[in-house]
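First up is the structure itself, then whatever we jot down about it.
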Amino acid sequence: MAGAIIENMSTKKLVIVGVILLLFQAFSFMVGGLIAPSPTTAVHYLATKCVDTVKTHHKGSKWFMPWGPDQCSKIRDFDEAMAKRIEANNIVFAVHIPLPNREMSAWFQFMLVILQFDIAFKMQNQIEDGSLVTMDVGLAYRDSTLSEWTEMAHSIEHRKLSCNFTATKTYENEGRYYDCDLLPFMEVGSVAHKYYLLNIRLPVNERKKVNIGIGEIKDIRLVSIHQNGGFTKVWFAMKTFLTPSVLIIMIWYWRRITQMTRPPVLLEKIIFALGISMTFINIPVEWFSVGFNWTWMLLFGDIRQGIFYAMLLSFWIIFCGEHLMDQTERNHFSVYWKQVGPIVFGSFCLFIFDMCERGVQLKNPFYSIWASDVGTELAMAFIIVAGICACLYFLFLCFMVFQVFRNISGKRSSLPAMTKARRLHYEGLIFRFKFLMLVTLACAAMTVIFFIISQVNEGHWHWGGYTVQVNSAFFTGIYGMWNLYVFALMFLYAPSHKRYGDEQSSADQAGNSGEEIQLTTTITHVDGPTEIYKMTGKEAQE
């Protein structure tokens, strides 16, 4: 009976395939490490204090430029504002993105802005516990230095101050600055314009207690983070190259499956489904984001990655389970609902969490789930629980692989009764399968590490200066690893046209018939892609 390519391909050819895949894996790491720049760039800005006269304050259409030919009337500090009797409501903090003589680009893909207040300590104007800063913020864009600004978003936002004064609160220490945490400010899912302008007001209303008890704000600092254009081009190029590669092998794999006389088993179906999810995440629709203002691309990318995560994690469970189940249980997807159910539920929670922030940001880029205490606690808890669940999943997968190895060891008891040549054949099959399982574990470990680091790296701006510096090689290497792993599975588990023993003489085949009977007591009534799959059925047919 013909099995899969992983069993019927000669060792020499299999080693060549393995070396080629290993070279591609090394190349995917080198692409990120040697060609692509760092994935993101952070640019620091200090807001310029512009003065808005009472005459233009209520027009709502005037935008204040910090520099250039149409720059605003500026003040150096609030002492100057007091000397000129300029009210706080007439001061606008203006930030132009990018810096002078530079342009933003659609290759930057997204723009995340973090805010930090410089607040001086005053005995008569201290920061109260639980104080909120109310900001009247506006975002505008233009594509030419000569054109007018067009409003992109406007909102009244609230951010809770979290500041610590390390020195003693005495008159001698007045003027020293609080140590304030970074605050989430804005996220835009597309950088379709060349120039952006932020205008921030801090309206004061003593009767309504608006911006009262927030200390003496001296300056507003912003950090703008965007994806590097060079990294984007390398990333798009990888997607463009890998999409047809995986698509072709997927079509070829399923064509071979459908050519068999028996219907495909669950293991073959789940490998094909994994290929579909890999193709879905590979399709380089991001190319369109360079020419179109698609602000939903970040959300769409998260959804695609979530689907792939769910499919990959489910595949590993079923892949191991199909080599543990007896013949009455295997080949039924419903058997795995206890294991796959939590994966689907976790993926759905990821989707809801993403919709709560990036879904809302499609309408209001200044919204952040981290802006409230409840949202911050929920987001922090989600990141921690997600990391713990990822680690527990990996430990459970290790346990399943251990059970598979133990199950195979139990089936090896029938091998000593065979001739040496036939015994070596089955020993080779077992070795190949075990090696593939170890590669699967390594891939799972790297995926879990990548998931945890991605979550920490995305959220580190919201809880302080702790960060994980992720090199471009890590992103391109892991992405290449997923594609090569899926490619290898579909290639190795495709039905082979070669039959073991075809090269043997009829006399050798007749001599081996006695040993064949002893092995087939466990596998003659089992359909499956490989001999190992058939051997691992727990119930022997007596």
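Note that Cβ sites are derived from N, Cα and C of the backbone, with glycine treated the same way.
Per TrEMBL, these features apply:
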DOMAIN    48-227  domain 'Wntless GOLD'
DOMAIN    228-497  domain 'Wntless-like transmembrane'
TRANSMEM  234-254  transmembrane segment
TRANSMEM  266-285  transmembrane segment
TRANSMEM  305-324  transmembrane segment
TRANSMEM  336-353  transmembrane segment
TRANSMEM  378-408  transmembrane segment
TRANSMEM  429-453  transmembrane segment
TRANSMEM  473-494  transmembrane segment
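Within the same chain, the transmembrane segment (429-453) packs against the transmembrane segment (473-494): three or more Cβ pairs sit under 8 Å, each pair at least 6 residues apart. With a cut-off of 8 Å between Cβ atoms, the residues of this chain six or more beyond the transmembrane segment (234-254) that come close are 28, 31-32, 35-36, 271-272, 275-276, 278-279, 282-284, 286-287, 472, 475-476, 479-480, 483, 486-487, 490-491, 493-494. Same-chain residues lying 6 or more positions outside the transmembrane segment (473-494) and placing a CB less than 8 Å from one of its CB atoms are 4-6, 17, 21, 24-25, 27-33, 36, 39, 234-235, 238, 242, 245-246, 249-250, 252-253, 256-257, 267-268, 271-272, 274-275, 278, 282, 308, 312, 436, 439-440, 443, 446-447, 450, 453, 529-530. When averaged over the domain 'Wntless GOLD' (48-227), pLDDT in the model lands at 88.
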